[in-house]
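Structure first, then comments.
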Amino acid sequence: MANKKIKQIAIYGKGGIGKSTTTSNISAALVKQGFKVMQFGCDPKSDSTNTLRGGKYIPTVLDTLREKTTVKASEVIHEGFGGVYCVEAGGPAPGVGCAGRGIITAVQLFKQQRVFEELDLDFVIYDVLGDVVCGGFAVPIREGIAEHVFTVSSADFMAVYAANNLFRGIHKYSNAGGALLGGVIANSINAPYAKEIIDDFVKQTKTQVVEYVPRSVTVTQSELQGKTTIEAAPNSEQAKIYTRLALKIAEHTESKVPEPLDVHELREWASKWADHLLALETGEVTSKASCI
Amino acid sequence: MIKILDQPRYVCALGAMQTVQGIYRGVPVLHAGPGCAGKLAAGIAGNNGDSGYISPQIYPCSNVTEKEIIFGGEERLAETIENALRVVDGDIFVVLSGCTAEIVGDDIAKVSSRFANMEKPVVYVETAGFKGNNLEGHEWVINAIIEQYLAKKPVKEKVKGLVNIWGPVPSYDPFWVGNIRELEKLLIEIGLTPNAIFGEYRGIENIDKIPQAEFNLLVSPWVGLKNVKLLEEKFQTPYLHYPTLPIGAFETGKFLRTVGKYAGVDVEVVEAVIERHEKEYYYHIERTSDVFLENRTMSRRFSTVTNATDALAISKFLVNDFGLVPEKQYITDDTPEEYRDSIEKYFTEFEYGIEAKVTFSKDAYRIHEEIRNCDYFGPPLIIGSIFEKKLTKELSGNFLAVSVPIKERLILHSSYVGYHGGLRLLEDIYTYVLKQFN
């Protein structure tokens, strides 16, 4: 345990895009490969780790801190599927207080107590709230926390917009030793044009797609059982995709500084795609991927 | 580019807690972090308001810490107000919020409104430091009392001759008590009835009289303008804005004539008061003129480094009454932009066509550099705060601290206002000058 390098990863993306689903399946797949993993939910909703714990909520760091002045990290770590260490930062009720500060406090508490080293972890995966609305939600990408950031995005414009915003955050912190971008996890990629949109976006922003994850009813069925796909349908096609993604992330070593589009470029880019999709619908042009 | 602000002479809006302390039996209730009150008091109260009926060390405070930041501090504030009402025997409770509480969006209006039906009035003011300075905060406190307390009371008849006095800011003006008392005395002498809310034994009783005044008298270049305008709007009380705090015979005579005329006081009454005072005043000037005229340790030139009120009042006195020549005057109170043009104009209205240049600056480093590079034709007179002491020594000049931070002198009821105030100011300036001989 002496000099073991813990790989710390942060997963960002627009709210509702499938971050927690993807993160939990990555964690589940990694423990199945024999790694020691902690999943750290950084969202006041505190439901990141639910599918690793049979759909059950766990007491959060901040709930515990609300009741006591000091919190031992061990009190808020709960084991989930395959021994994944589950932690939820938690936060205030909607409309009061400062959730961003809550994330900072929770992450710092773990860092100060050197929990990751003591647990001899291989991976810590931060599952961060959709919109990086303030400095608190940028904590995992700041110096000394995560090294690699992955963003979950569909081909939906708002998801791409959120991803581009995240790239701007990474760009900002990149000179100060912050995390760099590993790539995009392209989620809900079923329509041919969806793959083309994401591919074009990563090309524009000088990054890469780590994996294409199709929308699948298996995921929904598993989640309704309170489980990850890896646990509920280990032999499914979807589980194979999540395992492949997890292994790629495990092997990933070199992250880069992305080149986010500015607001005008992003709008122009989106408008070009809107025209293209409209033309596809009306049958004016044929997509290169239409034969797939 | 990042700038370092050297030796600022004002504090953040929460410093207006001292305005509440200035109201006898007024209780500031802070929704702020531990330490805010202490630090602010050290900045502007110092040895002139650190204790009293209630003091910055014991103001009720929610002591916002990380827990309140994350989860919101509204309940903690409610608890603090509730206990303050239970424990502190006060007449009016003013809730003031600090930065952190406002950044996380605590609704202090909503929390304070829960106490609307208590026996003692509870009003609130949003005084987050990032919103403004303590002088703006002072105005917000008074406006909060007007809007949330006075405007809700039944309308009473105006009282002939009753005049509200506004201008001196508690604690921030180290001479505030004495200055207000002198203004009161001057008004009484010309037959008016002054009403001031700050200082000993005035308090809520005088606050209640505010709407009944015949007019509001604001004696300040800018602080308080928002208050008298609000009073005009709420109670149809007109106001007289007299920008210069009167020091010495010239300005005090002008002040009495202006106020007397505005209030409809018989000219003969006003002139008799002026004549009586001037006789006494010039007697003292005359018998001491050798000291003033025949010393070699002070040139005839001076600068002030202070707030707008003192810079204007003192420079008018030194020029109009005393014949000194103004070099640049430095205004350090973070005067809002909207008032700067009119204040600069006041400095072009000295007697004998004399004008003074004015610089608004919060940065003592730049101010001191300019003073070092200015030729005062001999040892200058620098009037400012303790920050100018070393500088003046370096220039072998003459120094007097009149505004915060003062630190080296105790001020109880002294004042530079009026005829006696002018003489007092001369005593203080020339005591330093005479010490130069030793």
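Keep in mind that glycine also has a Cβ here, set from the backbone N, Cα and C atoms.
Automatic, uncurated: that is what TrEMBL annotation is.
Positions annotated as ATP binding site by TrEMBL: A:Gly13, A:Lys14, A:Gly15, A:Gly16, A:Ile17, A:Gly18, A:Lys19, A:Ser20. In the three-state DSSP scheme, A:Lys19 (ATP binding site) falls into the helix class.
Look at TrEMBL and you will find A:Cys98, A:Cys134 tagged as [4Fe-4S] cluster binding site. In this view, A:Cys134 ([4Fe-4S] cluster binding site) is surrounded by 14 other Cβ atoms within 10 Å of its Cβ, with every protein chain counted.
The Cβ neighbour count for A:Arg101 (ADP-ribosylarginine), using a 10 Å radius over every protein chain in view, is 23. Annotation note: A:Arg101 (ADP-ribosylarginine) sits in a helical segment as assigned by DSSP. Marked as ADP-ribosylarginine by TrEMBL: A:Arg101.
Comparing A:Gly13 (ATP binding site) with A:Cys98 ([4Fe-4S] cluster binding site), their Cα atoms are 20 Å apart once rounded. Using a CB-CB cutoff of under 8 Å against chain B, the binding-site residues that qualify from A:Gly16, A:Ile17, A:Ser20, A:Cys98 are A:Cys98.
A:Gly13 (ATP binding site) falls within a strand when secondary structure is assigned with DSSP.
Spatial neighbours are here defined as Cα atoms within 10 angstroms of one another, and by that definition A:Cys134 ([4Fe-4S] cluster binding site) has no neighbours among the binding-site residues A:Gly15, A:Gly18, A:Lys19. A coil conformation is recorded for A:Cys134 ([4Fe-4S] cluster binding site) in the three-state DSSP classification, outside any helix or strand.
Looking only at the binding-site residues A:Gly13, A:Gly15, A:Gly18, the densest Cβ neighbourhood within 10 Å occurs at A:Gly13.
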